[in-house]
Amino acid sequence: MSEPILKVEGVQAKYGDFVAVEEATLDVPQGIIVSVIGANGAGKSTLMDTIAGVHKPTAGTITFKGEDITGMPAEKVVLRGLSLVPQGSRCFIRMTVEDNLVMGSYPKAARAKVKDSLERVYELFPVLKEKRNDLSGSLSGGQRQMVAIGRALMTNPELVLFDEISLGLAPTIIKDIYARIKQISGEGMTVVLVEQDTKRAIKTGEISHVMLKGKVVLSGRSAELGEEEIKKAYFGL
Amino acid sequence: MQILINGILLGAIYALLGVGMSMMFGIVKLTNLAHGEFIIMGAFGSTILSSALGINPILTLVVTVPVMFLLGMVLQSVLINRVMLRGAEPALLVTFGLSIILKDAMLLLFTADAQKIGVSYATASLNLGGISISVLNLVVFAISLITILVLTLFLRKTYMGRAIRATSDDTVAASLMGVSVKKTYGVAMGIAMATAAIAGLCVGMRWTFYPSSGGEYLLIAFGVVVIGGMGSIPGTLVAGLVFGLAQVIGGANYGMFISYIVLLVMLAVRPQGLFSK
Amino acid sequence: MKTKTLEASAHKQVRVFGGLPMLITAVVIVALLVILPLTGVLSSNTQRYLLKIFLYCCLGSMWNLMSGYTGMTSLGQQSFIGIAGYSLAVMTFTYGASYWAGFAVGGVLGAALALGLSVLLFRMRGMYFAIATWVVAEALKTFFTSWTFVKQGAGMTIKAKPYPSTTEIYMIALVLCVVSLVVIYLLLRSKIGLGLTAMRDDADAASSVGVNIFQSKLLCFVICGFFTALAGGVFYLNKGSIYPSGGFGINWTVSIVFIVIIGGIGTMGGPILGAIIYTVLEEMLASYPGYSNIILGLIAILVILFLPDGILGTLQKKFHFEILSQKRFSKE
């Protein structure tokens with residue numbers, strides 16, 4: 001097996017005095033879908049923010065494609081091919097759908113391919129093409145999530161972190177979005193999916209990491225771990 | 001009709017006064033109390049260059065705009081980005097300090113004398129079906145509109161412009177797209193100061209000004225921002241017109257007083273502006 | 001996080017200079033300030049400096065009460081000062097009344113202005129509030145410049161027969177300064193003050209203290225308007241004449257903000273220290289006309305950058321002590 005594309009070793013992250021991630025260690029092998037599972041407040045989002053450079057870690061190292069990116073600001077991390085779809089989509093609500101997507105091509109390397117990337121996103125989510133001139137603030141939650149995903153794909157990433165994209169969405173829309181994610185992964189992109197729903201996570205992710213109270217407590221191939229063991233780790237039983 | 005025309009002509013320059021302030025307000029979330037002094041700096045820059053080189057005052061923009069742009073970038077990155085970490089109030093007070101420094105520095109350099117940028121067509125006017133329109137006011141009107149139009153296109157169509165709008169919506173999401181927020185703030189301040197340079201030229205051509213005139217223009221700019229809604233350029237344009245009309249209707253003695261009252265009521269009733277949701 | 005900071009401050013030994021020793025020191029200082037000019041030890045020039053310090057101290061403390069304790073940063077203190085200056089001029093010049101009547105009218109109008117403005121201003125927050133207060137002052141300035149009753153831009157003189165001596169004005173200023181400090185001290189120690197400080201530090205905690213925040217803020221604003229107006233009146237009694245551009249000029253607020261920032265915002269002693277420093281600087285810089293605001297502005301920016309708590313605030317944090325603390329400590 002080749003070197004993992006992302007290695008997280010002993011990462012700790014705090015908000016002031018509050019320790020959100022106490023000690024997280026996990027590997028993400030290239031080209032597959034990896035699930036990060038945990039209950040509310042387990043530190044999943046903070047870990048994703050820390051990997052993407054939105055939040056500064058207080059300890060540990062993060063290695064992406066062999067390069068140390070610990071504490072690197074988000075605007076530099078994305079240039080290296082690591083993109084985060086943040087929790088709650090965080091679209092630029094006063095900009096049109098297309099402007100949101102084009103923002104993804106802001107990195108100089110991505111600008112040359114802006115037309116192709118845009119076409120690809122519209123193929124993936126045809127509804128966005130229909131609404132390309134609408135303000136993203138006027139879209140439904142699912143459509144906003146699609147904008148956020150599309151925007152992340154526009155940056156030409158090799159690894160995308162999806163932070164709880166299913167939160168608050170209707171099951172049919174979740175199903176649709178997950179199908180698209182599988183499609184993206186099938187094209188060779190590495191995917192990290194953060195989920196609270198164990199079933200969905202195991203079904204989608206080839207490898208699962210379970211977080212509990214700021215720690216990665218269980219890691220392994222989803223098929224081998226089995227639902228029971230993952231649920232135990234999830235609740236800390 | 002005459003009043004309407006005068007109000008519209010006045011409104012465009014008011015919108016120009018406010019557009020830089022509106023950018024800083026909406027994008028950087030900074031109330032820049034030195035914006036009035038920036039405008040007067042621009043006015044002095046154009047006065048000196050045009051009289052020293054004997055050129056058309058409008059040509060002086062070739063120098064004043066880039067110089068002010070750079071000044072703004074430096075100011076933001078060296079000083080204001082740093083204070084903003086301490087919160088909105090310290091940043092407000094720093095720009096207040098900046099405004100008194102600039103005011104007195106200009107007073108020292110240029111004395112308290114009244115200044116005006118002279119142009120050959122200062123007293124010329126057109127007569128269109130009984131309505132007289134000052135050529136000077138028309139030129140200033142055109143400069144203001146063109147500036148606002150160019151700025152709008154810049155914000156709509158360029159990567160930097162989109163980055164500025166994205167940053168104003170969500171700084172974290174913008175950084176995830178590869179945007180350096182601090183650099184964007186620097187560019188926004190640079191643009192704000194560049195518009196102040198152009199506004200300064202217009203102010204200097206239309207009215208007499210003093211080193212101490214900054215406060216007056218700051219409040220007009222602020223009024224335009226408040227009525228138009230922060231960070232909204234079309235709103236700024238309409239607000240400029242409303243403000244200009246209010247003043248023309250109010251007359252010479254109480255025009256400004258009425259504008260201030262309108263502004264206060266607006267602030268109390270709809271602080272988010274007429275044109276934002 | 002809140003409990004954390006509370007714990008942290010509890011661990012540190014904070015020496016509070018308060019209670020009886022503070023009261024005695026304050027009384028001695030005030031007594032000296034009363035006796036010295038009467039014995040003729042203080043020249044009238046020195047009295048003039050001290051008089052300014054008293055008035056600036058009053059102005060600074062009132063602004064500090066607003067900005068430092070209730071989070072209302074006003075850039076329009078000159079509204080109160082101008083109104084008071086004009087009340088004094090109109091009462092003494094137009095109606096031939098005594099300057100005491102002028103002060104009274106000024107103080108009442110100042111408080112009334114605050115009360116009236118609160119209807120508009122209290123709907124705003126932060127920078128909106130700050131700029132709106134300035135707009136009010138500018139509106140008053142343009143109004144007074146056009147109002148024939150106050151002789152428009154030509155200004156008015158203040159009449160009094162006999163005109164009070166420097167020592168008399170000094171005494172008035174001293175009394176005003178002491179009274180305003182005592183009022184602020186008592187206010188901050190009261191339940192209202194407790195609620196306001198709680199609100200400044202944590203909006204959620206404030207509601208649990210059970211103080212009506214709106215009423216408390218209003219009370220602070222009205223007190224501020226009243227005393228700022230009185231100080232403005234005394235200033236103009238010392239000056240002798242008033243113009244709209246000066247009376248309603250932003251320079252008043254420039255001085256006040258400088259005094260509080262330098263001394264230490266949100267501390268009782270800050271404005272006192274700031275007023276002394278400002279008056280000394282002002283006198284020193286008087287021989288360099290034109291540079292004074294530039295230098296004051298630079299100092300203010302440097303202090304905000306490097307000593308965000310002001311001189312007194314920084315010293316207090318560094319050495320863990322508090323002068324004139326309004327905090328109440330239960331005997332534990």
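Positions of Cβ are set from backbone N, Cα and C atoms, glycine also.
What TrEMBL lists as transmembrane segment is C:20-43, C:49-67, C:103-122, C:129-149, C:169-188, C:218-236, C:256-281, C:288-307.
Within the same chain, the transmembrane segment (C:256-281) stays apart from the transmembrane segment (C:103-122): fewer than three Cβ pairs sit under 8 Å, each pair at least 6 residues apart. Across the candidate stretches C:103-122, C:129-149, C:169-188, C:218-236, C:288-307, the maximum count of CB pairs under 8 A to the transmembrane segment (C:49-67) is reached by C:169-188.
When the stretches C:103-122, C:129-149, C:218-236, C:288-307 are ranked by Cβ pairs under 8 Å to the transmembrane segment (C:169-188), first place goes to C:218-236. Between the transmembrane segment (C:103-122) and the transmembrane segment (C:218-236), the number of CB pairs under 8 angstroms, six or more residues apart, is three or more, so the stretches are in contact.
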